[in-house]
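Taken from TrEMBL as is:
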DOMAIN    29-292  domain 'DUS-like FMN-binding'
BINDING   31, 32, 33, 85, 184, 238, 239  FMN binding site
ACT_SITE  114  active site, proton donor
């Protein structure tokens, strides 16, 4: 991490808000556990992704342990604009984490949307949508303690059953100086139910800061439709980009050039085999037969994967 970060220090900071001021829909790669790491961010940036998030990092561990910092956060001078997403429940801990990443990133995001049981049990993630005063306090602390006015502070939320509560939360966060809000259009209990794009639109119409729409966006066409439905300023994509990292560039399915780029980038970054292989499994999901998947998905070494890609696809 240290070598990469020294390099990043020389990079002029970018203001993520400039993307929202451009008038174009901002195309964003979501924070994904294990997946939205530096190598994958490097790949999607090549294919018209405007803004990338790190995977969610538990702020308390990050502040406490140098080992956690080294394993959780890696960046380089091409990795901008970059938002570091934290799980936190104490204002000062979030501030301390923000201060550590401030020289190397362009903003932080507070996770108020993760519905996983462990996160909620620890007081992180989606349970924060029921604690608007705590969210306000955390945003205010970061705003007061980070001197860089271009450093963004955003939040990512889910919606309440009673949408008035969500609007109230968003308005309180806006009043405290939050830069933008990403809204996943499902409640904490909903997993695969349809996304409530109408709810995102209501939130957008109640706010004067940018709103990002998130949930079930699989193609560029989906992104355009969601923008029309919600009037959101940006769209955030998770699984759609895993399946097709080139989707923001308009490709219907992962082009072979993108697979080649992933191989080059992953090898250059020393990506662990499991992560390297899983990304390829996602990317090739739509372009391989059942039989091919059976063979490809059980390969167990980088050299076996490289041989397979070379023999079957000339990659």
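Every residue, even glycine, has its Cβ placed from backbone N, Cα and C.
Shown on the structure are the features that TrEMBL records.
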residue	record	Cβ neighbours (10 Å)
31	FMN binding site	25
32	FMN binding site	19
33	FMN binding site	9
85	FMN binding site	25
114	active site, proton donor	22
184	FMN binding site	26
238	FMN binding site	21
239	FMN binding site	14
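Across 31, 32, 33, 85, 184, 238, 239, which the record gives as binding FMN, the greatest C-alpha separation is 17 Å.
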